[in-house]
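Trainee: Right, I'll just put the structure down here and ask away after.
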Amino acid sequence: MHCSISGEVPEQPVVSKKSGLLYEKRLIERHISEYGKCPITGEPLTMDDIVPVKTGKIVKPRTVQTASIPGMLGMFQNEWDGLMLSNFALEQQLHTARQELSHALYQHDAACRVIARLKKERDEARSLLAQAERQIPMSASEAVTENASVLSNGKRAAEDDDLGQPGKRVRPGISASIITELTDCNATLSQQRKKRQIPPTLAPIGALERYTQLSSHPLHKTSKPGILSIDIQYSKDIIATGGVDATAVVFDRLSGQIVSTLSGHSKKVTSVKFVAEGEFFLTGSADKTIRVWQGSEDGNYDCRHILKDHTAEVQAVTVHATNNYFVTASLDNTWCFYDLSSGLCMTQVADTSKTDGYTSAAFHPDGLILGTGTSEAVVKIWDVKSQANVAKFEGHVGPVTAISFSENGYFLATAAHDSVKLWDLRKLKNFRTLNLYDSDTPTNSVEFDHSGSYLGIAGSDIRVYQVGSVKADWNCIKTLPDLSGTGRATCLKFGPDANYIAVGSMDRNLRVFGLPGDEAPLES
């Protein structure tokens, strides 16, 4: 007795009154509920036409496969094969799902980029409108036309590759409102400095004495090696370098990865500067231009402005403490004061004395004093409000390659071909000279750390001094070798709390020195 549907011995046999066929009860009941007819003959069939058959307990006979060990092994093999096929199908479905998810994420990222670009263009349009409303000496319509002609798709376009001498331009000057802003910033910072203490997280002298190279990162091209400038954004621990290869590289020290490589300059990048607050980044180049870059959410930097106010190499860029203005210094013997948001040159100050131009520049921490170094070994101090030269420091030999103000506001360190000189700004005199190298080895960089506790010097090696006073000694804490093999360490910068020192040399590698055990990812 076998079920007419399954062909197997039924557990609950029933028979049809009409056809006399035998079925498994649960199968025929389900078929009648769905179709209402006999599955074999096709005749109409209801539950009343089904009669149960009373039988003894049915014991199903074993199948042939389970009657022997070889049969069981074959059955197990078939089940295993089926399981593997099912697993393969699931993996295929998982792969398809991952592809679909990746495509969806890509679409989402593209949408975010479009939204960010539209927001940026909106902000630029607002900035242009505000600039036009300032009623500077040029008419409002001329201002809008000029700025609109150099803006394309949210970027300052360089449609004119000729970087020759521009015509004379009318500068609006530093307005009374800007001077008030600078004065208020000076008063606030001066008051805060009186209460400021050395942070407890500052690296102690004992730690600096044990500094060694932690990592080396090849950031620039091998065809034109050399890093000329360096800066650090302390809030994100990101390092930027400017190279002989005409590019600037933004590097994440913690991950050991390049965030962005900024191309656009046609000659070497001589100066790089982060703006402490916001996403702006500045580069100065030997191609006579300054570029203002703005970071985006995806880590890339877009060029907002290309500034062509200088007629010779731009040697230095320095940002004011308000983070709203910056100054550039050039070999054309002028320095320019810019508004950061609009890229407008407020004033261009020319030196009436006969010099071959500026080689370095830095703002005093309080922001009302600007220091510049010249190619003729003179350090000049300027009053930013009046743009007047209020002091001159002489005594160096060769171009002044770097200047740095201490955070305490009292000391100025300058580097030139001959030595490093320390100046007391209260008495306007040199109180100490550090003769570090021979006459054929220039000092390329000098830098105070952010707390004003340490002074770093780069030349044929890297030396770190403990900051003393006018009368107390300035002791050399650590001498680090220049491992580039070029004998020229060109620039250095202390990391947050002097926990590491970033160094650039005349090879293409950025080197990080610090305490062993604090290594970031190594890439060399």
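A Cβ is built for glycine as well, from the same backbone N, Cα and C atoms used for every other residue.
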Trainee: Of the ranges 6-38, 138-170, 171-203, 204-236, which one does TrEMBL list as region 'Disordered'?
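Mentor: Result: 138-170 is the stretch TrEMBL calls region 'Disordered'.
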Trainee: Considering pairs 6 or more residues apart, do the repeat 'WD' (307-348) and the repeat 'WD' (262-294) have at least three CB pairs under 8 Å?
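Mentor: Since 3 or more Cβ pairs under 8 Å link them, the repeat 'WD' (307-348) and the repeat 'WD' (262-294) do come into contact.
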Trainee: Could you give the number of helix, strand and coil residues in the repeat 'WD' (393-433) as assigned by DSSP?
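Mentor: Taking each residue of the repeat 'WD' (393-433) in turn, the totals are 0 helix, 23 strand, 18 coil.
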Trainee: Let me spell it out: take the repeat 'WD' (262-294), skip the flanking residues so only those 6+ beyond its ends count, and list any with a Cβ under 8 Å from a Cβ in it.
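Mentor: For the repeat 'WD' (262-294), the nonlocal Cβ contacts are 120, 156, 158, 161, 163, 224, 226, 228-235, 238, 240-250, 301-308, 310-319, 323, 326, 328, 330, 332, 338, 340, 343.
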